[in-house]
Amino acid sequence: DFSKAMSQAGSSQFQEVIRQELEYSMKVELDKILATAPSNELEHTKNDLEGFKKLFHRFLQEKGPSVDWGKIQRPPEDSIQPYEKIKARGLPDNIASVLNKLVVVKLNGGLGTSMGCKGPKSLIGVRNENTFLDLTVQQIEHLNKSYNTDVPLVLMNSFNTDDDTKKILQKYSHSRVKIYTFNQSRYPRINKETLLPIAKDVSYSGENTECWYPPGHGDIYASFYNSGLLDNLITEGKEYIFVSNIDNLGATVDLYILNHLMNPPNGKRCEFVMEVTNKTRADVKGGTLTQYENKLRLVEIAQVPKAHVDEFKSVSKFKIFNTNNLWIALSAIKRLQEKNAIDMEIIVNPKTLDGGLNIIQLETAVGAAIKSFENSLGINVPRSRFLPVKTTSDLLLVMSNLYSLNAGSLTMSEKREFPTVPLVKLGSSFTKVQDYLRRFESIPDMLELDHLTVSGDVTFGKNVSLKGTVIIIANHGDRIDIPAGALLENKIVSGNLRILDH
């Protein structure tokens with residue numbers, strides 16, 4: 001036992017030496033990069049690289065999944081409230097004064113590359129020529145006009161989206177919404193083998209674009225604080241932010257949740273509220289809320305030991321997942337940021353660059369900070385508050401007559417008899433937005449659709465109706481044109497255009 005203990009001690013000492021060497025080498029490389037920064041960017045770059053250094057230090061310290069599976073417990077009953085209970089409290093007469101304490105923050109760092117678009121994802125047209133950003137501005141403007149309030153919109157951009165977004169913002173200069181922006185950090189990608197930055201200087205244009213990345217939306221706390229905007233909003237009397245992904249079209253300002261925050265029934269305010277919703281088979285990988293060491297904690301699939309992944313995915317054991325719609329107290333962000341007390345697990349995101357180089361990105365997720373805040377709460381909201389558009393399959397749903405658009409908000413059509421969203425799977429011929437748009441002369445009637453799978457070279461004529469389960473598969477080399485006015489109800493359409501009953 002003694003010799004075993006000695007060899008373990010030796011091994012941990014050896015690992016510590018390697019860690020220190022890696023940290024030293026990283027510091028040397030980061031100092032070289034910082035030395036290339038022009039004077040007007042020096043302070044900003046220094047902040048970014050300091051933040052990265054802290055993350056890298058933690059990455060070297062932590063090994064393996066970051067949760068001890070044995071400590072995971074179901075959250076206590078009252079720690080996740082049903083939305084109906086919160087709505088049942090109604091609204092006070094002074095809801096406008098409550099609204100004036102709110103700031104809407106949209107995470108706007110992502111590009112539309114997964115849908116074959118250049119530039120910020122928020123500028124993709126989703127409905128009647130309106131982009132994600134248009135719909136967001138319309139929603140808040142409608143709120144401000146209806147209640148005579150001044151709810152501002154804050155966009156967290158990344159270095160990838162900032163320029164294009166700022167150009168577009170001019171078109172809203174006459175709308176009744178104050179719009180502010182701040183940039184999330186810019187961190188260096190690191191070579192998977194050497195664990196050193198692949199960037200040689202601070203530039204991030206031309207061939208250097210692949211050297212840098214925005215480190216996930218968990219970066220919001222530090223960037224918001226460092227930008228000075230957090231302090232300005234507190235000075236203006238703002239108390240809460242409502243944070244959501246700009247591509248989640250269900251994430252509108254909910255007055256009942258806001259009232260619950262501002263006027264808590266037990267008199268004790270929550271610093272952090274996470275909207276969760278019930279898992280379906282499509283959401284098994286979504287992060288879930290658990291009780292861990294007497295705190296609510298968000299557990300993501302990447303943190304789960306391999307032996308327990310199937311258990312984590314179980315819809316019966318973990319019934320809910322995080323929508324990433326979050327309500328957070330501004331004063332709490334300031335307090336925790338000043339104490340350097342926001343603790344978020346590191347997400348290691350491996351990628352292969354175009355030239356074949358394997359790199360890793362160190363990221364964090366905004367919801368993971370829930371355990372650092374006092375008196376956190378989950379609210380189990382209707383599925384309608386989670387309507388993300390990640391693919392053209394999602395885009396087809398939100399463009400269709402399943403939804404009606406009113407003042408920037410999409411709501412499920414009253415003509416649909418059941419509230420669940422159909423399952424839509426469009427094949428690789430539809431992945432890029434321009435290809436997808438070319439394949440539909442008009443968006444089909446989908447009011448009575450349950451399931452649609454389309455694969456291969458398929459086009460749709462005008463005024464097609466899809467009902468029940470429809471599967472359309474064009475074999476390699478074949479093409480299927482669904483004629484204008486066709487009604488497909490519980491049909492399988494296969495490679496040689498035979499239409500079969502399903």
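Note: Cβ is positioned from N, Cα and C throughout, glycine not excepted.
Positions annotated as UTP binding site by TrEMBL: K121, Q184, G216, D247, K390. The Cβ of K390 (UTP binding site) has 14 other Cβ atoms within 10 Å, all protein chains considered.
Sequence-distant neighbours of H217 (substrate binding site) (same chain, six or more apart, CB under 8 Å from its CB) are L107, G109, M156, Q184, N245, N324, T364, A365, V366, listed in sequence order. The substrate binding site annotation in TrEMBL covers H217.
Taken over all pairs of the listed UTP-binding residues (K121, Q184, G216, D247, K390), the Cα spread reaches a maximum of 21 Å, rounded to the nearest whole number.
The Cβ neighbour count for D247 (UTP binding site), using a 10 Å radius and every protein chain shown, is 22.
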